[in-house]
Amino acid sequence: MRALGAVVTLLLWGQLFAVELGNDAMDFEDDSCPKPPEIANGYVEHLVRYRCRQFYRLRAEGDGVYTLNDEKQWMNTVAGEKLPECEAVCGKPKHPVDQVQRIIGGSMDAKGSFPWQAKMISRHGLTTGATLISDQWLLTTAKNLFLNHSETASGKDIAPTLTLYVGKNQLVEIEKVILHPNHSVVDIGLIKLKQRVLVTERVMPICLPSKDYVAPGRVGYVSGWGRNQDFRFTDRLKYVMLPVADQDKCVVHYEKSTVPEKKNFTSPVGVQPILNEHTFCAGLTKYEEDTCYGDAGSAFAIHDMEEDTWYAAGILSFDKSCAVAEYGVYVRATDLKDWVQETMAKN
């Protein structure tokens, strides 16, 4: 029965493999797995059940139980020979952030509450954010990807110039960068890793939402490696709790009016955010905490208490507010989901 023991060992790592049975699949003469007792008018079936390691879940057409048939094939009553898969769990941090806690002046993430947060460094050493959305893909902003590159640069030009870390400074290699086809309006790009990351309590994707969580007053959390009070990049991941703002007030703050012919693009920080139907704003907390340079690419994470799941309601695009301007600007995740899923499926 050594072959079955090998299956269990491999499954503990969240991987599923065909069973190598040797010359005699029916030979149970093994001290570690004695032959089961016989019963009158009955027989013994040889069964295996596939399970996944912690932070993975089984995706199967059947129940994950396979029986050895007369042809020495492991078969499931629904899926036949097709094996199930272990897929990464998303949005289920082992140590979620305390809802009562309150990056310019944010709190330190000491317990890994934001395992989807990645740190990206440009070829000239500038730190930005990225968000893990599967065990092989991340979202970030197009502006982050274009840092120190011309506007005509392609994803192939950009990918080799980036350094990317997940978890506690785990270096990962980038296979490709894919920019949104309308990235001047939808400030987003995708990063594909060369290898899938092992999902742990420190490295876990956040879920993309199927419904819109964005509503004025709704609170989300944003983590990041951006600049702090003294305008230096932090070496500790920080987070802040921010409310979704009234969109019209945000537009007036940056553009002086919601009426197109009356707009005056005079941002209080000297840089204009991209504001359109694909974006939403989040305001300062009462403690005047805010995001800042280097936090872009991070998720506006919202906890769905009914599902006990964390979703990326948006991706931070405009991180220049730094407690000077009143609002950070985010790309709506619901507007990205179709493009993200199609792009991942094709690549």
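Cβ atoms here come from the backbone N, Cα and C positions, even for glycine.
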Based on the record in Swiss-Prot, give the one of CYS250, CYS322 in a disulfide bond with CYS281.
CYS250
Check Swiss-Prot and name the cysteine among CYS33, CYS86 that pairs with CYS52 in a disulfide.
CYS86
Look up region 'Interaction with CD163' in Swiss-Prot and report which of 91-96, 259-264 it refers to.
259-264
Cβ packing number for ASN148 (N-linked glycosylation site), 10 Å threshold:
12
To the nearest Å, how far is the Cα of ASN264 (N-linked glycosylation site) from the Cα of CYS250 (disulfide bond)?
13
When each of the glycosylation sites ASN182, ASN264 is scored by other CB atoms within 10 A, the minimum falls on ASN264
Whole-Å Cα distance, CYS86 (disulfide bond) to ASN148 (N-linked glycosylation site), is 39
